[in-house]
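A.B. asks: Pulled the feature table from TrEMBL, pasting it below:
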DOMAIN    36-320  domain 'CN hydrolase'
ACT_SITE  76  active site, proton acceptor
ACT_SITE  176  active site, proton donor
ACT_SITE  209  active site, nucleophile
């Protein structure tokens, strides 16, 4: 797995989404923990410690939003940590109103309730970055002794997920029902069936960690409301061979035919790692027991199945054209998004054509680029190039970056109406290894190269033409 990426290195380019898809982010967080969780501290010290975790959250929200993410999910216990007693966790708890009727924006209305500093910060992150945000925190709720469930100290303490809309409104709360030896928290007196609505993917259901192994509320929620999307904060200790986090998260997505955005804590010493964005048939995961630090995962997945998708085949949109710098030249690109297809892209007098079929499907992003012009950096010479390349990331701005590894296998024919007879066919595969085309040469004033099944993942397939007369 990649080492954890500091937020500053994320591509700044925005994604351009396929219709009916949305861009999700989950963050596997290595919590800054209290050195002595059973000690009694004041609210100020508790806020200070939680503030350090929230600072990291904020960086990640910014990084995710830059990549076009519309929703981000953070793990269970990520803000406050764990191993508290009932009384030692008290200063870490926010007050939250579990009400469906009150629409409250903690960022804009901070004065409505006391002890809501954590909620305010989360709400402001969502608002500032225009992103739906899901996080987990400890909450408190006073109760009367007339309530038969009310604990003897006169308050409930809940393990709570909150969801904020992209304008900072608190749209949903969920109190964890199936606690896993969490003596600091109470089981809520009634079950929460929690869902919230989004403009980009319809309804999301929400539950936490250990809940995933029980019928209530998770399975019941999904079946009652026919949900297709789930957000899932967790602090999961992996147990092989059957209950590793990524293993079970994928199995759940497949079993109930849902997408799951699962964010786990990163603490390898406690056996905690394993987050991902899962669809029933595909996953984007992170599992790393070796290194330290957090990890942001961003991926594009299908939203709600819109009715009549099959009939749209006839009037499909042409893929967007975009520009990116490659080899210091301004290439014109089209994205290679589908499993198979035919694409063309032109610049000046040169048109490049690609016929392709992905033989081994991955989430890697490829693009077809064209350049027809004078190259002027580190030498001046005229180039005509048609290139199928793997991009460095998932956004358009990463096309043209140096990439050395790939796993996608693509069967292709690539051709162009080159104006020069001097064509250099390039075929580069993963790990900077070489492969050889099945066929190449001139046909009807076009030069072509074709290949079925490269020996390993495809990095570059290109026709590099030199038009010496125009140097």
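Every residue gets a Cβ built from N, Cα and C, even glycine.
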A.B. asks: Inside 10 Å of the Cβ of residue 176 (active site, proton donor), count up the other Cβ atoms and send me the figure.
C.D. replies: 25
A.B. asks: Could you measure between the residue listed as 'active site, proton donor' and residue 209 (active site, nucleophile) for me? Cα positions, answer in whole angstrom.
C.D. replies: 8
A.B. asks: Below 8 Å Cβ to Cβ and six or more residues apart, same chain only. Which residues does that give for the residue listed as 'active site, proton acceptor'?
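C.D. replies: Same-chain residues close to the residue listed as 'active site, proton acceptor' (Cβ under 8 Å, separated by 6 or more) are 136, 159, 161, 176, 208, 209, 233, 234, 235, 265.
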A.B. asks: Give the mean pLDDT for the domain 'CN hydrolase' (36-320) on the 0 to 100 scale.
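C.D. replies: So the average pLDDT across the domain 'CN hydrolase' (36-320) works out to 92.
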A.B. asks: Just counting, how many other CB atoms are there within 10 A of the CB of residue 209 (active site, nucleophile)?
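C.D. replies: For residue 209 (active site, nucleophile), the 10 Å Cβ neighbour count is 27.
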